[in-house]
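Peer 1: Following this message is one structure expressed as structure tokens.
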């Protein structure tokens, strides 16, 4: 009875923790033999309840995630909502041709890429440094207190975050008012296209840097404390221990997050830019997502917008695969293992 | 300095001081803006005017701004909408996610690998804005609350986290229940869920925060401004109201003018708008006073 359901453990799937080495292979083998031994009918009899439980989630994902993927065919059509997807004329790649000749598309791409690069330099390291700092706080209560505070902004909506920044740095904000009271001229960071890139990065840091420390704190807790002790006994200073133990310990997770970030390079966070595009102006704040939105839903160029969205999606996919390849070259696991 | 391991050298005086300074700075950076806005919202109009927009020191406190805010009816209705969407959405998401996480928690079960792959693949690419919109509109969900709930009802990340947690529950526990003749639903409800209250609460919180903050789905799928949730109303009256005022007072950009026609037509009728703009302005004190 029991041998029918050989528990294989977290065998060979993407979410299992690394380093399960030998037991994993054993589990895989067991799963395979039990699978071939049993006819489909008895497996169905055994597992139908599990399948039934999985059904609602899978149905939702298929309807709202995979079916819309098929809708991308309108990128190859001259789609009109009145005619429908079936009867709209096919136009081949002409939408993509127009897209590549469109200056505003390239502007949006350039904005997206420069914002991504800027955030990679000025946002990405912040949670790592913050996590190392928090980890070095010895008193547990103080540490929990600071952690609780820095997590908080993650739960605010972008609308609220942008509003708060406006109250601080806007034309009528605190900083400007204080300067005016001192006799200087006020300023308005919220509508200044030149500093916009720093502004959005500051907003991202304020909102998400604290939350981003969670994963690094978990990785720091997993580092073997004996290594620190051995290094200290061997006379390594605080900084040398940070460099030779802490950072190598964080390396896999840093690489993983970097790859994921690269895959999201063209996704800079729609809501944040949508909210500020009007105030700052298109030249600085138009990113690919807002480009698609304004181009399609407000002017009715459906096929054109879908083409832009498709290009963005494909480039993202290619980026993530390339980054993963590079990670393998450097001997890291990345998001999936070499097979 | 209670739990410092014996081999570690004691931190130098300057180093400890620097660390404390940085921690304080971070805390202040996070808390100060929140403190300022909350305090201003509770202050009387005179106190706000006197301090030039935002109150930094607590003085005359009143609830007038909140009374004014809820008089219009728009804000209280949007709060109800947000609450309803959050409650219903979280219930649906949590149920579906728990069921699927348990259903996928046994490797080697029928269809386990392809179904898990289907879930994990959603990490790599999204469906895109335009096709999603076309789907929602062809399902007739435009201007319904379901458009805010169903598209994001299952988050693959939450599902995977929950599944990993379920897989760590010892097999002996569930196997013994199965030998006693319990159905899988019963095992999930009576055993597995009672052993994972913590993770269920956390995932529920993630979903609830997501629904409460969701803003873009409402902008995309709800044309009827009577159905707007709180976040959209907040944006209309605080951010867009603010940028119009900035434009009038002769600052750099006239933000209101770059609004595309469609979004302008979505603005609420003038009487309601002016009332709410004024109330929000007085509550947060954003109008420029030179």
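Each residue, glycine too, has its Cβ placed from N, Cα and C.
In case it helps, TrEMBL gives these features for our protein:
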type: REGION; residues: A:1-38; note: region 'Disordered'
type: COMPBIAS; residues: A:29-38; note: compositional bias 'Basic residues'
type: TRANSMEM; residues: A:50-76; note: transmembrane segment
type: DOMAIN; residues: A:109-323; note: domain 'ABC transmembrane type-1'
type: TRANSMEM; residues: A:120-138; note: transmembrane segment
type: TRANSMEM; residues: A:150-169; note: transmembrane segment
type: TRANSMEM; residues: A:209-230; note: transmembrane segment
type: TRANSMEM; residues: A:242-260; note: transmembrane segment
type: TRANSMEM; residues: A:302-323; note: transmembrane segment
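Map the listed features onto the structure and describe their local environment.
Peer 2: With a threshold of 8 Å between CB atoms, the same-chain residues lying at least 6 positions outside the transmembrane segment (A:50-76) that come near it are 44, 85, 88, 90-93, 95-96, 302-303, 306-307, 309-310.
Sequence-distant neighbours of the transmembrane segment (A:150-169) (same chain, 6+ residues past either end, Cβ-Cβ under 8 Å): 130, 175-176, 188-190, 199, 202-203, 206-211, 213-214, 269, 271-272, 275-276.
If one looks beyond the transmembrane segment (A:209-230) by at least 6 residues along the same chain, the residues whose Cβ comes under 8 Å of a Cβ in the stretch are 123, 126-128, 130-132, 134-135, 147, 149-154, 241, 245-246, 249-250, 252-253, 257.
If one looks beyond the transmembrane segment (A:302-323) by at least 6 residues along the same chain, the residues whose Cβ comes under 8 Å of a Cβ in the stretch are 71-72, 74-81, 88, 91, 95-96, 98-99, 105, 258-260, 262-267, 288-289, 291-293, 295-296, 334-335.
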